[in-house]
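According to TrEMBL:
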type	residues	note
DOMAIN	9-224	domain 'Major facilitator superfamily (MFS) profile'
TRANSMEM	45-62	transmembrane segment
TRANSMEM	74-92	transmembrane segment
TRANSMEM	143-162	transmembrane segment
Amino acid sequence: PPSLLPPPSVLSASLSSLSTGYNTGVLAGALLFLKPLHKPSPLEVGALVTASTLGAVAGSSLSPPLLRRGRVPALRWTGYLFLLSSLLCASVPTPAGAPLVPLALSRLLAGAAMGASSPAVPLYVAETSPVEKRGAYATVPQFMISLGILLSYVSSLCVLSLRGPDWRLMFALGALPAGLQVALTYGERVLPETPRFLLGRGDRKGAERSLKLLRQGTKDVGEE
């Protein structure tokens, strides 16, 4: 039923989770093309696979200061990191036989975005969802991660069918959800700041305005 569908704010915030899933799975498909073209050593393959995990460790430490500036700015900066990583991975110079270090370094940025977004997305969802639907909406980020992984595999198949072993295009496609996320963070009607964060800063009027945007059609939000 339409009443059970997540609101635009939850879906928009969860684009970070979609990017997390896509960037997690995209390397599995890209390696199928990278190995015969560049013949990376086991050490290089290991570096490519673990780069995002190492980046996530660093990114998780960035999350608290970002969240103190606001939930939406935190989502915006993770979107920028995902976007930059996708574009760098698609454009780094990797001549045949050359080390894939630039690609691994670009993957570090994707990992940083994953680490920073992992607490930011569920926190935004929890602080904007109605109490009676909070549990249901909290499952959306996890669903989006799984969807992102699926999309990365589907894109690998499509790229192979249409363009051949074009691993750069696979990474470049990750810029689409990241770019959309960045754009949505500038639209208050779609992705408003959380009322809880605004109340914590003493901005009651801003919190009421935000809650009215989140509870469309509800004029009196004073009790909530």
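Including glycine, each Cβ sits where the backbone N, Cα and C put it.
With a threshold of 8 Å between CB atoms, the same-chain residues lying at least 6 positions outside the transmembrane segment (74-92) that come near it are 13, 15-16, 19, 23, 59, 63, 66-67, 102-103, 106-107, 109-110, 112-113, 116-117, 120-121, 124, 168-169, 171-175, 177-179, 181-182, 185-186, 191. With a threshold of 8 Å between CB atoms, the same-chain residues lying at least 6 positions outside the transmembrane segment (45-62) that come near it are 23-24, 27, 31, 34-35, 81, 100-101, 103-105, 107-119.
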